[in-house]
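Heads up, the thing below is written out as structure tokens.
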Amino acid sequence: MSGSNPAVSINKRKVAPVVLAILDGWGYREEIEHNAVRQASTPVIDALWHAYPHTLIEASGADVGLPDEQMGNSEVGHLTIGAGRIIQQELVRISNTVKENKLITNPALNQFSQSLKKGGGTLHIMGLCSDGGVHSHINHLCGLIEWAASKGLKSVSLHLFTDGRDTSAKSANKYINTIEAKIKSTGVGEISSLCGRYWAMDRDNRWERTSKAYELLTDPRFALSKLSAAESINKSYQEGITDEFIEPVRLSSSFLKDGDGVVFFNFRPDRARQLVKALKLKDFDGFERKNRADIDVLTFTQYESGLPVSVAFPPEPLNDLLGQVISDHGLNQYRTAETEKYPHVTYFLNGGIEKPLKGEVRHLVPSPRVATYDLQPEMSADELTDSCIKAIDSGIYSLVVINFANPDMVGHSGIMTAAIKANEKVDSCVGKLLNSIGKLGGSLLITADHGNSEMMIGPDGQPWTAHTTNPVPVILIEGEKRKLSGYGNDIKLRQSGGGLADLAPTLLHLLNLPKPKAMTGKTLIEPINLPKKPNLIPQPAY
């Protein structure tokens, strides 16, 4: 599937492109043990690392606007790359609000509670119950329970999605204990259902998964379990089912009915959209909805423009983004990824802008229809590479951005052999890309948005399925037609202090475009020490 843009300008002379290849989840860790990056056979990237300018940059914590020691993720990573500056992320923004007890003054939440009390409906709070900090945080859920208590809401049902992907695979009981303690201390709420995120938080249009979560929430005939939340989780473990895949289970008689209200506390949109659309959209064709309730929905952040929901923390607009600079200078750009990472190279890289910019073409390659990607670690990398090469060969794009999902999506499986195969496939694809770029004299900048597959076993000896706080590599292969004036063959990359926010300024430097003042990141290309001469033409400050 490809997106077209009639505003793309066609130039008879082929353009030497600058290509940004994002190897999603390809972090750097020196140790070889349990490291699917180091253990993979990657002759292309190994050779480029040794032969061309390279460095390591930070992709987690404060360097991407997250709390210290908080692992990075694809949304935050691409947002930071595209913005060229460090942005306070939603995790920090909402955490500060909860910490300062300011949920009680949030206008959207207060209007929501007033409407709910007036109608006498039940408040249903749902979302990912963990401290992973990628899609949600348990502190936000605790804050919501306290908010509900402060507003005098008596009928409160919690529908909790178990993690096991951004956390340890069998850690759900720890979070359930925290929530049960909060329920006891406030006297508000009950855990009404449990469901693994595999079912409730799909983002790949696997509607058969979303429908199972939907039925759990809406079907009055859904079987009521006699087990407690903890007992249900332990039963799943006994059956070999970890947190991510826990089957939907109803723990109380509460389900969504007309006049009820839902607060969805995930702050990251991509894995919350499908379920919200199923719950709220009138025109919906993902699956047949047998039990549609007339409910109000409030989401913590804007999951998608145009959704008929209230938003507690609306987006803060960003300007002077990488894509906008390219577009404003009349240049064409191409963005491509497979399904799992398509929103990241488009929506997130553009700072939350839904529609393509002038001169921007987007191309989606479908991800394979498998239960988990360790079953097909190559994913759709070959098809993705072939489509990107066609775009490069067309000679009409100044900037090309491609995301390889394999290291991250297969890394999440925790299966070492599969992650190694995934990384080897990406390495071979980078080689094909480089050959195509070289024919036009273009430049290639290789990096990652966060770490993952470089650590497959955690400190507890269990499979590590989450992201990491490790740095990520950057390699610059400068093309003959993209040589920066004055550097010759002596171009070097900054060896310390770099982060994802420095990538947009670096790309603009390679494209010989000015960096906007709003971009506080700095080019990773080291300045050259030219002898002082009179009347030199001032150069842009990157």
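Cβ coordinates are placed from backbone N, Cα and C, and glycine is handled just like the others.
The annotation in Swiss-Prot ties ASP24, ASP449, HIS450 to Mn(2+) 2, and of the candidates under consideration, SER74, SER398, SER496, the one tied to the same site is SER74. For the Mn(2+) 1 site, Swiss-Prot lists ASP408, HIS412; matching the candidates HIS329, HIS467 against that entry yields HIS467. What Swiss-Prot records for the substrate site is HIS135, ARG165, ASP166, ARG197, ARG203, ARG268, PRO269, ASP270, ARG271, and among LYS99, LYS102, LYS341 the residue it adds there is LYS341. The least crowded of the binding-site residues ASP24, ASP166, ASP408, ASP449, judged by other CB atoms within 10 A of its own CB, is ASP166. Look at SER74 (active site, phosphoserine intermediate): DSSP puts it in a helix. For the pair ARG271 (substrate binding site) and SER74 (active site, phosphoserine intermediate), the Cα-Cα distance reads 12 Å.
For HIS450 (Mn(2+) 2 binding site), the same-chain residues 6+ apart in sequence whose C-beta sits under 8 angstroms from its C-beta are ASP24, GLY25, GLY27, ALA59, SER60, MET71, GLY72, ASN73, SER74, VAL76, GLY77, ASP408, HIS467, THR468, VAL472.
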